[in-house]
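Read through the structure below, which is laid out as structure tokens, and then see the notes.
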Amino acid sequence: MASARTPSLDTQPSTPGPRPKRRASWHRQASRPIIWWMAALLISVGVHPVIPQYRWLLVHMVTLGLVTTSVMLWGQHFAEALLKTRLAEETRPTQVRRLWIHTGMIAVTMIGMVAGLPVVTVLGAVGVSATVLWWAGFLIQQIRAAVAPRFAFVIRTYATAAMLLPIGAALGAVLAFSPGEPWQGRLLLAHQLVNILGFLGLTACATLFTLWPTILRTRMRLERAQRTSAMLIVMLVGLLIAVGGALMNNVLMGAAGLVLYLVGFLVIASELARLAVQSARQKHAAEVPLFPALSMGAGIVWFAGTLVALLVMWISHTGAPVGEAAASPLNFSLLASTVKALTVPFVVGFGLQLLLGAMSFLMPTIMGGGPRAVQAGLAEMSRLAVFRVVALNLAIALFALSESDALLPRALFLGLTFGTGAPEQFGSVSRILVSLLALLVLASFIVLMKRMVRASVRERLQQRADLGMPAAPPTQTGQLAQAGRPAETARPTDSAATNLNRRHLTGAVLAVASVLGLSAMGRAADPAATGSAASGSGSSPGAGTGDGTAAVLPTGRTTSVTVRAKDTMRFDPDRITVPAGDELVITVINDDPTQIHDLVLDTGAASGRISAGQRATLKAGVIDRSITGWCSIVGHRSMGMELQIVADGAPSGTESSSDSRTAGHSHHGAEPGDAGADPLARVTADFGEVPSVTARDPRMPEPVGPALEITAGEKELEIAPGVMMQAMPFNGTVMGPVIRADLGQEIAVTVTNRGAMEHSMDFHAGTVSPSVYMQGIKPGASLHYPLTTDHAGIWLYHCSTMPMTHHLSGGMFGAVIVPPRGIAAADREYVLVQSDHYLSPTEKSGTGAHAISADKIHAERPDFTVFNGHATQYVHEPLTAKVGERIRIWVLAAGPTRSLSFHVVGAVFDTVFKEGEYLLRPDNPNGGGAQALDLSSAQGGFVEMVFREPGTYTAVNHAFADMERGARALITVTQ
């Protein structure tokens, strides 16, 4: 049996040391799953666009993989130190096996969730729960074996929190089966509360009672610790009340529980702050390890801030007057969606920072080797500490604050960026660049960990060489005891302290400059989303005419006007008269409650994207000519969002430079071409040319699982051979995924907007409130859509953001297929979805991608009518069949405008199913057949046929004008 020695409980916990090599070996073996989770997390972040359910996966890699495994490892470490229990070395292999089994069960859970296999997810969740309960039982055994341990409340909290995790896992397992609303939202919120506030929050707070003063090299008196520890019980009670409120759909009950939890945590946090002040006033023999202190301190602050934000969100989602809070069945569904904005602060700001800070202190300490070796290891883990902590936390703050349109988050965002950028200007490019910096900061932990090991070993060898003989390192108990006691020696000299402070200040300045610089680079690379010209890119006197007319001298006066973007797709006012020579300042207010708007002038000045209810100031400069302005959100200008600025008193010949442009141009990322070109001129393609993209698989997909993620955005994609379109795809393709579901299946769909403009979702197969589930999704936000397939057929889904014609013709549509009951087996099943597309002949991006043409949409003059998102793709890669096989083809007319008369040349349909009912069956008494399936826009069905001879058959839209624009597919039939 290994002896266990600790100092008095007024100091901090220590670990036994008679057999340091064996103990260090046990820690190395037990920490390997944590290292693997770190590596897996970094790899997953790099490839996340191709991972289904990537958001869920990344969050659970941190919380379930990294954090839970670390809690089980280091929780055992503290249990032995605080309880003074004696564990035989024979128990170590069992502890390591438990950690590996736990890791394996987490992996099973993740595989089941990503693959959409709820049974596998449940099996994994059961395994995770079993291993955690196993560990909790082991802790309880050690508590019972301990003799009057004064810090036993820490280990009891570990065991209690561990018992909460299976409850959270059970709630998550139920969610895997998509229970539908209103339970989907209630269970999701309860799951998050139990796991984050319960398991993670309680465990972290209990650990801080001992680890925080140890890191700060100060003391926490036993009586104060025991008195403050009562707040852990308060937090537990508050948690249970909040979870009950979520499950019972009682907002007031849940809010009361959250208030109780928050009060308990704030009392503990105030004691931790007192210890920090106490440490700062003390003299230390060695420096306080900087990174552990800063990282864990930042995690404590983030936890407090996110708890307050959660409480505010909770109260704001009453859904009814205070006395009727429990009457709205969707209260917690909406709240669960909103709370996703707190994912980054909770997971990264609190959980990951607390974990990395703790490990940065514990690993060098556990390695041992004497004070010099420990200090060398701590110094490596604290390398560039200020830069790392400031950069990561500023990045987290920008991500978190940009998710809210409220006044306070907006003010904080402006303050953190020193007024250089607003939340709506923190676009997708800025987010990518800043997140890459944050990822590098997190990844540096692994590099520094390796450096720490080398430094510790080097110091240990040097120490033995200095002594001239092998010397056993001091016990870890002694090291932790020294770390926990305030030293009696003096502080560093004033000169050394000054140099140290300068280095820290330099690190902080570099971190702020790096984050804000990358954010600014992102804005510069995405000017349409940021309105970077709004800071004053107006014309200089006389510069606007460009034709040699008389210059307008500035008057020195400023004209200020307010323009409102209305939900009628108009600016109010839409005409402004300004004295020539005056400087014009426009305050643009977005009064549209559902959509983002902006204002762009033909001078280049722009307001930037403006969210609903927000405002922006546009400095137009000196007005020396008449100017045209418009909303640059795709399609908004064509619907009437134009503004005329008239220069009163300007010389003749100074009309707007855009007057000759066609008013219907979308100006979505486009460069104006020949102003005199026919806006209705057709864009053509060489259909004999092989497409540069691989043909989309037309086969009927496998059934979808209980959860589905769809992303919306903007991207340049090929629509016909050699012709690129400024597309708006779902999941990165013109035409989103084909969703196959069973009759009566419930699917939890998460739609995430990764684009620069607002999008939305309308599932024709769903029966939900449009005002709740078809609302606009702002850039960077997500919406949860509970889809229940109650009726058979092939159903259209599409973006319903106005103007819908632009979004659908841009590619934002797809199909949901629900086979009818008793459907006969077919040898092959295919899916063909027709869509029509309208391209501007004059407006192209820098790479030649055509903008969507409002003029052609209104004139109903499509350039291409295609199957499955690309003209002629199935001419070059035909569908296949064999003689005698029954072939079923599901067909949908997605529009936005054209109908479809589906016909297969050389075949007769013996089965026709249209809009939920059979029109023809093979055994019909009349011996009838069908030659075409007629579908108006948004209608669908399927046809079946049997080919009698080999050959090449052609599936077409028998409205031949549409067929000649690309709506055809070959079917190769062989023996």
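Using the three backbone atoms N, Cα and C, a Cβ is placed for every residue, glycine included.
Per TrEMBL, these features apply:
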type     : residues : note
REGION   : 1-26     : region 'Disordered'
COMPBIAS : 1-14     : compositional bias 'Polar residues'
TRANSMEM : 34-51    : transmembrane segment
TRANSMEM : 57-79    : transmembrane segment
TRANSMEM : 99-117   : transmembrane segment
TRANSMEM : 123-141  : transmembrane segment
TRANSMEM : 153-176  : transmembrane segment
TRANSMEM : 196-216  : transmembrane segment
TRANSMEM : 228-248  : transmembrane segment
TRANSMEM : 254-277  : transmembrane segment
TRANSMEM : 289-315  : transmembrane segment
TRANSMEM : 342-363  : transmembrane segment
TRANSMEM : 384-402  : transmembrane segment
TRANSMEM : 432-449  : transmembrane segment
REGION   : 467-499  : region 'Disordered'
REGION   : 527-557  : region 'Disordered'
REGION   : 648-679  : region 'Disordered'
COMPBIAS : 653-663  : compositional bias 'Polar residues'
DOMAIN   : 715-821  : domain 'Plastocyanin-like'
Contact between the transmembrane segment (57-79) and the transmembrane segment (153-176) (at least 3 Cβ pairs under 8 Å, separation 6+): yes
Contact between the transmembrane segment (432-449) and the transmembrane segment (34-51) (3 or more Cβ pairs under 8 Å, separation 6+): yes
Local confidence of the prediction over the domain 'Plastocyanin-like' (715-821), expressed as mean pLDDT: 90
Spatial neighbours of the transmembrane segment (196-216) far in sequence, C-beta under 8 Å, 6+ residues away: 12-13, 63, 67-68, 71, 74-75, 78, 82, 151, 153-154, 157-158, 160-162, 164-165, 167-168, 225, 228-229, 231-232, 235-236, 239, 242, 261, 265, 268, 272, 275-276, 278-279, 288-289, 292-293, 296, 299-300, 303, 307, 346, 350-351, 354, 357-358, 361-362, 480, 483-484
Beyond the flanks of the transmembrane segment (99-117) by at least 6 residues, Cβ under 8 Å: 30, 33, 36-37, 51-53, 56-57, 60-61, 64-65, 68-69, 72-73, 123-128, 130-132, 135, 176, 704-708
Positions on the same chain near the transmembrane segment (342-363), where near means CB under 8 A and six or more residues out: 31, 34, 55, 59, 62-63, 66-67, 70, 74, 77, 196, 200, 204, 207, 211, 214-215, 289, 291-300, 302-303, 305-306, 309-310, 313, 377-378, 381-382, 392-393, 396, 399-400, 438, 442, 445, 448-449, 452
